[in-house]
Every structure is written in C-alpha cells, then in structure tokens.
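Peer 1: Mind having a look at this structure? Questions to follow.
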C-alpha cells in the first residue's frame, strides 16, 4: 500500500519537477552545505552524526557548537551536524522527525516529554552505555533521577534547573522589608510593595500558560510531609494533593497574592511578560529558573536585584523538583556507539561544568559544586537549597502520566476562571482532584 | 482530441494534479485521525473509535463557546475590514500627491505574519507595559488601566481590533484593483443621467465590481475562520477560555493535549460549517448570475 | 465649495486612518532603535532616549540574517512565479470555457481554502520524507506553489471575466493562436490583476512559518520566518532582534508592492475598450 503510494508520488513528482524546470526554476535543488539526507557512512570510515537541540537560543547553540568542534578534533572520524530549530517549535519538530524516522543520532529530550518518547519507543535506554562510562560515578543522584523513567536512564541531563526567588533589593530596602521566607510572608511583602497608582506591584504573577508552576508548588508546599514524593500529585494515603484542607488554604492565599500583590493584567501573562515585568521595574518578586539570570543581567542594573531560596509552606518545608533537559539516542539511530561517545564527551565533568557556567545551570557532577563560581552570586542560593534537603524537599514530578501534557492548560484555564470569580474555590479543587484521580485510574488499568 | 479540448486539459492539469496530490491526499490522511483515538503520548495504540471524538467535541461547553466566538470573530472582523478597506479603495482611486506612498503604507500591515501581529498587539495592549494604556492614562481619558487582554469583557474586542488592523489591506488593495477596471464611460453615462456620487456608487461601481466583492469577502471569511495565529499569539484563548474560537481551540488540542484525534474532529466540523456557509452565501448573493458558478 | 469640503474631508479621514494604523509600525521601529535596557523600561519611551543600531548589527551577528533573507527571497519568488504561470492558464480556461466538471473544480478550489493546515502537516512531512525532500528548499517551493494555486486561480479568473472575450477573438481572427492571443493581447490588460495576485502570493510565501520549520533542518537553508521565530526564547522574547528583524523583513514586500502598484493602478480604465 505504502510502496504503491510512494511510486505514484514519485511519478507525479518527476512531472512536477519537469514543469518547474520548464518554468525556469531549476537549480533550486539544494546542494548547499551539509548533504541533506546523509547519515550513512560517506567516505571510508567517517561517520556523520545528526544531533538536534530543543531549548535553542543563539548563545546556547554557540556553546554546543564549540563543544562539537572540540569533539570533532578529538575524534577525526566522526562528524556532527547540529540542527537548531526555534525553541518555540522545537519539540513539535523533534516529535515529527522521530515519527518520520528522519536520520537522527543524538536528540535533546526534556523532562516534560521523556515519558512520551519512551512510551512511543523513540528512545534508546542508556544504562548499558553509562555502565561503561568512568565519569558516571560522579553524576548526582538528582541528575540520574530526572533522566530516568521506570528502571532505565533515557537521557543524560545537560544541567539542572531549580526555581528560586529573584527580588528587588532596592525596593525592599526602601520600604524596610525583610526577604520573605514563607508563602505567607511572600504575599504580605508583595502586598506591601504594591502601589498601583505608581504602576508598581509586588509579585510577577503568571496566570497564563505555566501558571501551575505557582499553584502546584504552593499546594505541594502546603501539603508538606504528607506528599508522596515519588508520586507527587498524590498524598501518602493515596488521595490527590488537591483534596486536602491544606490545598484550600494554599489557594486562598493564592487568590490574595493575585488580588493584592499582582498586576490585574497578569491573569493572562505568560513567561515573557512575567520576566519583562520584573526587568522593567513593574514587579518586585519573581520565581524562576536559573537560565533567566542572563536576561536579568542584561537588562537590569547590578545591585538592584538579588536571589533567595523558594518560600516555604506553613510547616517550614518547601517541596521542589529539579528540572532538566539532556541528550538521548533515538532508538532507530544507526550510529549508537558514536552517538554515545558524543554524549559522554559533552557530559564529562570538564565540558559539563563549563557549559553550565556559561549557560546558567547547575552542573550534573558532584565535584562541580565545589567550584567557586557556584558559591557566589545568583547561583549560590541554588546550592544553599541543595544543601538543606530536609527543608527543601525534593520530589519527582508526575511526568509519567499521559495527562501531564494537558495539565498545564487545564490548570491554567480553571485557575483563571477562579481568579475571575467565575468558579468557586471548592469547585476548582474538585475539578483538579477529579482530573488526577482519573489519571490514576487510567494508569492502573 | 480537438485543439480546444487539448488546450483546456493542458492548462488545467498542472493545477489540478498538484492540488490533488499535495493538498487533498495528505488532508485525507489527516482526516482519518478524526475517527481514531490518536494521542501523541501513545502512537502505538491508535484504535478506531467511530464518532467518539465528535461526540466529545459537542459535549464540551468550551467547544460551543468557541463556536459562538467564531461567529463574532468572523463577522465583526470581516465587516470592519471590508467597510474600511472599501472606503480606502474609493479614496485612493483618484490620483493625488503622495498616493503611492500612502498605498504602500496601507499595504504594510498585510506584510507581517500572523505570529508577529499577535506578539506585537499583545505588547501594545498590555496593561502595565503596553503603550495604549499608557497613552490613555497620560491623556487623562482613563483613570485606571484597562485589562484589554485580561478582562473577558475586553479581550474579544482587542483580538478583533488586531485582526481588523491586519485585514484591511487585503480589501483595500483587491478592491482598488477592481475599481480601476470600471470603464469610465459608465460614469460618464451616469453623470449625464444626473446621478450623484452616492447613487453612482450604488448603481454603477458596486454592481460592476460585485464579483470581486463576493469572492474576496467569501475568501476572507474562510481565512479568518481558519486562522488561529493572532488569537493564539495575543491571548492563547484566555482568560479562562473567553477568547477561544474554533481554530484556536483546535490548535490547543494539538499543542497542549497532543490529541490529534480531537483536533482532527474539530477540523472536520469546521470544514462542514464552512461548506454550509459557502453554499448559503453563494445562493444568497446569487453568484451564478455574476457568472462565478 | 462642496468640492473643497469633500477634499478636506478625504484628507482628514486619510490622516486619521494613518495615525491609528501607523502606530504599531512606529512602535516596532522605535523599539528596534532602543538599547536592550530601554525596550521595556517604565515609563515608556515614545522616542528613544539613546538611539542605537545595535539591534540591527546584532541580528547579523547572532544569526545569519542575510542568508535567511536570501533563502526567503529565492523560495518566495520562485514559488510565486510558478503559481502565476499555472494559475493564469487555469484561470483563463475557467473564465472562458464551460465544460463538464467546471463547476466542481471551482467548488473544489474554494474547498481547499477551508482545510485547516495543521491537520495535514504530519502526513505532508512523511510524504516529503519519502520523496527525500526534507532539508531541501524544493519542498518549500513545491508546497508554497500548491497552497497558492487555488486562491490565485480564483482571483485571476475574476479578472479574466471582466475582460471582454471579443479582445482575443479579434486577435485570433487576425491569425493568432489562442495561446499567443492570451500572451500578447490579454496579458497586458490583465496586469493589474496579475500584479495584485502576485503580491499576495509572495507575501504568503514570505511569511510562512510552519512548513519551513518542519521541512528545513540546516542553517544555510533556513528562511526568515524561522529565524524570526527563534528570537522567542525560553524565558524571554528578544524584542531588540525581533523588532529589527521585523523592520528589515517588511522591506522586500513593500518594495515589491511599490513596483506592483504601478501596474495595479495603471488601470484598465483606458485599456478595456482600446484593444
């Protein structure tokens, strides 16, 4: 069937090509640069790897290319072509490439989509390769855990990110306020900073896509010790985290955070407005990942801002999860050995530490934490949090549920409806509770 | 085969063949998903489920809301785009100094892509960091900032404003080209009959360019109905789903839910609506008289 | 007196329209001339405190802007030209002849405008992959051509219909073949229609993002919309680069329009009956 289709298509295509040649459009067949469909062994022993990144930014691409160049010098028989789709479209493109079995040997996998890739058998388990790798011993447990689904390691994280608090030092000083340590203090401080007549607000709220970054974090921290850390949408007795009285408390405070300390417009803000509001001096407190640091350094004066650990819940705990993206091997890759070689190279303590410093991530090797760079400046907070595991309790996000992908959207939309007063708090939590109870039932089938 | 037939066939074959192979074929492949449980999370398991996806769509209050919104989105945008575009075309018909530059200016909004327009207008309408609120505050027209994109009362208006801004150019340029083709003799005759400017507009100009008017309004209606990019860029359908139209609702199913089955079903429903609308529109405007069908 | 007020009214209307409509263009342009720190500074700057061309320099430094620009030109123009050739022939036949299936073809062309593109994206990718056209500009030329055939045929047919068929019949009596009559006699009269259809076809190609993202992998082949899309980062939109890119990306379209509008307004006013 498919074969037949292919033949017809080919025939039609040759007709079309002839037409376009007649129409003077010859010479458009690209022969530029890297051969398009290469991937096989081209001449002699040289192997050509194709690698695709997802969290593309000009700076990051440059850093990756630098590592690749070095790798190619050390391994003259391996060539690497780096594909850099725009961040906005990258995951969709990678997914399409995998479905179409396009030549690909190394790909960036994210914590958000690793379960999907594994479920569709797109990714190769890396355990056998890692077992032979000498530096694997010093990879941190967190890094290993993020890259693992079930029993197997499916991607090697290229660095970890952890959310922390960014705040306007000068604003707090001006008002004589302390740096908030709990969510309650955060709301009070932010409310005290708010002066809408001056277009100044305490908190960089984000009610659009990604709002569950705040709601879920608050609810988790309010549930505290009661959360099942390995199945974090549920409590230790198997109920959803949204069904507890603590969840209700958290969301009441959340409403206050929006009403009294955030720009009204932010109910529909996404990541860019959230950060822009902070850099432009509209808002005073921002919760974000460390890769935002470079944006802040670029657009804000030194000394106006500083970092602090994430706020804690009423029982003195903050639940947090490290995020990561990293390198995996497509299951159909023809050059898995060489692909692993490249991953191993990029993940070596030396390369990984350099990359993490330049890009603003937490390195994946234990030794790197000893580096002066991470003991000072905006990165210090991250280490501080890491050093108090009983206060900043780490949990495993529920990425293994198929519903995680849609959760961000469901959560954001119902949360907006709650903030607008169209949904009551009880209905909101009931809806969320049902969503996850339902995911659980589907999973157990 | 005689010459006439050969000429007809040869002229039409490239167009038909290309459209058949590269538009219709992949589309029909895509449409099959509407009858499958087709989710990106589990591509090894895509069973046929009959009309389940359609039932799910009609049972979803958000779908019904998006349906009503689509009607507003299309007709309000289209009305203003057409009226303003037509007025511009009339004003630009007679030469004046600087007309060329002015036309270039009219055209530029069309030169931007949907995703850019969404991003630019999202910024312009931002309450805290956008210029519209800032200007209105400075001029003393408002005392409190308006949540153009965050207040459900305003959000739909705001996305429509952006869409009107974008689409005027299409009508202005297409209608201007059509106006240029109205033979001058018709006006001379109308002048002799003593018809005023307004009467000439309705008795000479409009009837003459009617085919263009019908085709362009129909095409634009279809495009506006199908294009999610502006809404997607500006509000993402929010707040609380208040600005979702069918096309953005469908995109939502793809991007967030990874549910191609549901998205495809919504797509099929959208095509059904458009087909009905097209048939209705063409019979109401009696296009067969105009010679289009 | 009446004439005077009419002209005055026209001027006022056009000026008002200009102010309202020009604002987004103005805003993007001044943004592109501001240093990074001032772009989102509050209070807003309606005139840049510091004027700089850094953003323009930057987009050539952080990305191969000139390469993308050239790629977009090649792809958009090639596809638009091929579309015109195919559509002029098709539209002419659809306007001048009636035959079996005539009505169905027109309806089918309208129907293609109704298909939501996102649904066929994945199957299209597989087709391109089967034909070994991934990461090849030809895939874009092909798909842009295909996408625009129905629209262009519908539009051009409308223009053909307004030209009396007595024109080419006269020429054919003089011994021209139908094809030469079309080429020599009808085409000049059709120029406004062709020019306006061409410019719309070009713009659509010039701005197309989703197919270009999917089909093209390597840097030297990327088009402008893809490059602009990559100014959206994980936590940030690089508005400096985005605005500078926007200003530059509009130039070819507006230039092309400036050329095309000569034909658009040159008008059939004299042409139609002279032939």
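The backbone N, Cα and C atoms fix where each Cβ goes, and this holds for glycine too.
In case it helps, TrEMBL gives these features for our protein:
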type	residues	note
DOMAIN	C:69-260	domain 'ABC transmembrane type-1'
TRANSMEM	C:7-28	transmembrane segment
TRANSMEM	C:68-93	transmembrane segment
TRANSMEM	C:105-126	transmembrane segment
TRANSMEM	C:138-160	transmembrane segment
TRANSMEM	C:181-203	transmembrane segment
TRANSMEM	C:239-260	transmembrane segment
Peer 1: Where else in the chain does the transmembrane segment (C:68-93) make close Cβ contacts, counting only residues six or more beyond its ends and a cut-off under 8 Å?
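Peer 2: For the transmembrane segment (C:68-93), the list is 137, 140-141, 144-145, 148-149, 152-157, 159-160, 182, 186-187, 190, 194, 197-198, 201-202, 205-206, 220-227, 248-249, 252.
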Peer 1: Which one of these stretches, C:7-28, C:105-126, C:181-203, has the most C-beta pairs shorter than 8 Å to the transmembrane segment (C:239-260)?
Peer 2: C:181-203
Peer 1: Taking C:7-28, C:138-160, C:181-203 as candidates, which has the most Cβ pairs under 8 Å with the transmembrane segment (C:105-126)?
Peer 2: C:138-160
Peer 1: Are there residues at least six beyond either end of the transmembrane segment (C:7-28) with Cβ under 8 Å to its Cβ atoms? List them, or say none.
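Peer 2: Same-chain contacts beyond the flanks: 243, 246-247.
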